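If you look up TrEMBL, you'll see 363-372 marked as compositional bias 'Polar residues'. For 388-403, the entry in TrEMBL reads compositional bias 'Low complexity'. Look at TrEMBL and you will find 134-334 tagged as domain 'TLC'. Sequence annotations record features per position, and here TrEMBL assigns region 'Disordered' to 342-403. The transmembrane segment annotation in TrEMBL covers 43-60, 143-163, 183-202, 263-283, 303-326.
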Amino acid sequence: MDLINKFNDAFWSTHIWLPPNTTWADIAPGSRPDVVHANYKDLIWPIPFAAVVMLVRYTLERFWISPIGKSLGIRSSRPKKAANVPILETAYAKSTRLDNKWLAPLSKQTDMTERQIERWWRLRRAQDKPSTLVKFCEDTWRCIYYLYSFIFGVIVLWDKPWFWDVKSCWYGYPHQSITNDIWWYYMISMSFYWSLTGTQFFDVKRKDFWQMFIHHMVTLLLMSLSWVCNLHRVGSLVLVVHDCADIFLEAAKLTKYANYQKLCDAIFAIFTVVWIVSRLGFYPRIIYSSSVEAPRILPMFPAYYIFNSLLLMLLVLHVIWTYMILKIVVDSLQKGLMSGDIRSSDSEDLTDSSENARLANGSARSKNKSNSGAPGGGAAAVTQRKSANNANNHTNAAATTSK
């Protein structure tokens with residue numbers, strides 16, 4: 001117990017986290033009659049609030065978003081289930097990718113041909129993929145939240161001086177009052193990110209899974225430390241800057257799922273502009289203030305470097321994502337449509353598309369053989385092959401340009 005107390009005292013040393021000549025007692029709630037300091041105990045509230053957020057999400061997706069998606073004609077069906085072959089299921093549980101070395105042994109164990117095993121494997125992988133309706137529901141929920149959060153953030157910050165002048169984040173620090181609207185803005189935002197961190201393991205798995213996981217954890221860490229150290233002003237600015245572009249990203253994906261391609265292109269163009277302006281314009285302005293202007297106003301302390309490092313980590317992620325977005329824009333200009341999404345719905349889209357193409361072509365060849373004796377049978381088979389190839393070409397383009 002003594003060891004834990006010593007570690008706790010060393011970790012939360014005022015020499016690290018607070019400006020010189022400031023103690024935790026100086027910024028404790030009730031320490032000054034004219035200032036309402038943040039209470040570190042409030043950080044427990046976002047965890048139960050996250051459960052409420054997940055309940056709200058489930059209710060909206062089940063009773064409102066899903067019916068809307070179905071009314072738009074979005075597919076809710078999944079491929080038929082693969083036959084129950086315990087030996088293949090055991091091998092599939094080890095790896096979803098079929099190793100060619102497994103084919104011969106599995107063929108002997110199951111009395112199936114290698115081609116049958118390959119087809120079973122493709123069907124089994126397709127079975128695990130979520131339907132378009134599931135992805136539509138997830139993205140609609142995020143779009144709703146980001147829209148709410150951005151509007152609420154702007155309303156909360158509109159009358160705050162630091163919203164218009166970033167340098168005001170540092171005047172009077174660390175004795176800056178927490179207002180009720182800022183308290184709710186912080187708590188609800190942290191609740192959402194806690195819910196995302198938990199549900200990310202159950203939602204549609206995307207190629208940037210770990211990048212987003214790091215993003216959520218860094219965001220929560222930044223918000224928690226900024227709350228404890230009474231740096232809520234700069235924290236609230238970071239929040240509102242991050243929410244605005246995400247609205248258009250999620251909206252673009254929704255329109256793509258609903259097959260409104262032209263609307264999707266227009267929204268994606270707006271998203272690209274808003275993203276660059278907010279993530280590579282306003283956000284670096286905040287970092288400039290924390291890096292250059294803050295040292296001129298405040299005496300420096302070690303936690304300053306911790307905060308700036310975390311902010312810079314987010315900026316690095318922004319640069320990586322911006323590069324991927326611009327790749328999609330260039331590809332769109334060449335092809336004439338927004339053919340991808342910066343967040344792929346599956347990490348193996350390209351591989352699966354190639355496999356689906358082989359299945360489609362195989363099916364078309366089978367139909368061609370069966371219909372070759374009938375009038376018009378050959379033409380019908382050619383049409384089927386062309387349709388299958390066109391669909392898979394589009395899928396390959398989306399997978400190649402997606403993140």
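Glycine is treated like the rest: Cβ placed from N, Cα and C.
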Same-chain residues at least 6 beyond the ends of the transmembrane segment (43-60) with a Cβ under 8 Å from one of its Cβ atoms are 141, 144, 187-188, 190-192, 194-195, 198-199, 224, 227-228
Ranking 183-202, 263-283, 303-326 by the number of C-beta pairs under 8 Å to the transmembrane segment (143-163), which range is first?
183-202
When the pLDDT values for the domain 'TLC' (134-334) are averaged, what is the result?
89
